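Inspection log for the structure reproduced underneath, given as structure tokens.
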Amino acid sequence: MAAERTSLFIFFGGTGDLAYRKLYPSMYNLYKKGTLREHFGVLGTSREKLTDEQFRDQVRKSLGTTKTDKDAEKFISHFVYEAHDVTDKAHYQVLKTRAEELDKKYELNGNRIFYLSLAPSFFGTVAGFLKTEGLTDTKGFDRVVIEKPFGRDFDSAQQLNDALSKSFDEEQIFRIDHYLGKEMIQNIEAVRFGNTLVESLWNNRYIDNIQVTLSEKLGVEERASYYDNSGALRDMVQNHIMQIVSLLAMEQPVSFTDVDIRAEKVKALRSLRVYNVAEASTNFVRGQYGAGDSQRAYRDEDNVPHDSNNDTFVAGKLLFDNYRWSGTPFYIRTGKMLADKFTRVDVVFKKPLIDIFSFPQNHNAPLEANVLTMYIEPHAGFSLRLNAKTNGQGFQTEPINLDYFVDAKDSKATPEPYERLIHDVMKGDGTNFSSWQEVSYAWRFVDQIRKVWDLQQPQFPNYTPGSMGPASADELIQRDHRQWVYRLNK
Ligand code: NAD
């Protein structure tokens, strides 16, 4: 059984979609595994007026359990509720009193996790009042968990960070990027630094290019009003893609600790080339989906303006100006309404300098590049493409794949990203969270692209639902005499 962790959780936005859909079920999993046992308490808050019992009914519904489930009921009995407007300074005293009651009842040693599952415009307000009204004044730890988005550009992110920093130190702030909670993202470090075979080739001498694809099959659904103000570049590249890229690009950390890993990720991001106007126009392309067979165009979706120029797709080339990666581009792409839902990384190795099998009489197809593919979702696994001799007479080569996939049983036992991340917050381990420096370097890069795009008029819509984005995304990579490893109709 897992070691028990002790803390009070105060959820702001405790009746929101995220809390019910992800956070409480993840905590219940931690309870079933023994990380949470007797010594934890949950104080849910939001504007809604609910009694403790009504709140527990909602939590029960979110877990999919019934009152006859004794174990679940024991877990739910640790939940209490307090209606609270986060802008009402005086009311924080009520929260403080309830927090102290729970602390005493469950012997929580003053450990507190403040989870801000709210609109980001409230983060600074809540953080400020938590401090001035004495909720952080305990003998245990105080940690604050922040949901995305962390700003909409560098300036707003910095303002947000300045506001948070008045109440919490950097090591007390846990900025969620749920991609970092995914099993295979964490596996990038294991594969790179646990294998001589991989790490010794992990550089521009042997790797031709690296491709990161986060492909979504759905459109904007009910998130249109948020998404139309964000777009693919802000919603996916600034956070998830930049985090994946920095794990792929970083040097080996001195030790496997949050401080050392973050230091290497920041170093990698510092050497990412921030584009000037001409480079941004050449190296990034954007798209917006039009209508498909039974699919409305983005501009016809509910809550999207008919003249919206928002990007629902982005592809780009990233260049690191450092010794390891100079000359080896990282290509990235992400978008909505694409052919399928998946996330993968394709590491394309250079071909042998001389292809000794393609002598004229042999009619052998040229050797293909070795490719290491990391499948992140929906199925986690790896595939390594090698060249081998075809069976039989003569001497022909063909590409073969060495595949490994996490089997269905193990995959069922894989913790949900939020389960892992909440556990990490309780341990005080910031490895799988974004540090302020990472966030700020990512924004500086993305802001340059955004600035250039804001000056140009895109030709939207420019791709059809079910494709892999606009033709310009293929042209972007073909211009460098390369291809996307994952493509349709190959
Ligand atoms: P939601 O709109 O479903 O819930 C918002 C919550 O905030 C509600 O409980 C509401 O009562 C509360 N609230 C609003 N104004 C308040 C006020 N003045 N005082 C007190 N409480 C107030 O939002 P959500 O989807 O749960 O998202 C919460 C946060 O998580 C947002 O920052 C969002 O960007 C982020 N996020 C959500 C998801 C998701 O899947 N839902 C995914 C990633 C990030």
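Placed from the backbone N, Cα and C atoms, the Cβ positions cover glycine too.
Per TrEMBL, the features are as follows:
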- 10-187: domain 'Glucose-6-phosphate dehydrogenase NAD-binding' (DOMAIN)
- Arg47, Asp85, Val86, Lys148: NADP(+) binding site (BINDING)
- His178, Lys182, Glu216, Asp235, Lys336, Lys341: substrate binding site (BINDING)
- 190-484: domain 'Glucose-6-phosphate dehydrogenase C-terminal' (DOMAIN)
- His240: active site, proton acceptor (ACT_SITE)
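Feature annotations (TrEMBL) mapped to structure.
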residue	record	Cβ contacts under 8 Å, 6 or more apart
Arg47	NADP(+) binding site	Ala83, His84, Asp85
Val86	NADP(+) binding site	Phe12, Thr45, Leu118, Phe122, Thr125, Val126, Phe129
Lys148	NADP(+) binding site	Arg175, Ile176, Asp177, Asn239
Lys182	substrate binding site	Ile376, Glu377, Ala380, Pro417
Glu216	substrate binding site	Thr334, Gly335, Lys336, Met337, Leu338, Lys341
Asp235	substrate binding site	Pro149, Tyr227
His240	active site, proton acceptor	Asp177, Tyr179, Leu214, Thr334
Return the single residue from the binding-site residues list (His178, Lys336, Lys341) that has the minimum number of other CB atoms within 10 Å.
Lys341
May I ask which of the binding-site residues Val86, His178, Glu216, Lys341 have a CB within less than 6 Å of any atom of ligand 1, listed in sequence order?
Val86
Three-state secondary structure, Lys148 (NADP(+) binding site) (per DSSP):
coil
In terms of DSSP three-state secondary structure, what is the assignment for Asp85 (NADP(+) binding site)?
coil
Inside 10 Å of the Cβ of Asp85 (NADP(+) binding site), count up the other Cβ atoms and send me the figure.
11
Greatest inter-residue Cα distance in Å for the NADP(+)-binding set Arg47, Asp85, Val86, Lys148:
21
Could you tell me which three-state DSSP class His178 (substrate binding site) falls into?
helix
For the substrate binding site, please report the maximum Cα-Cα distance among His178, Lys182, Glu216, Asp235, Lys336, Lys341 in Å.
20
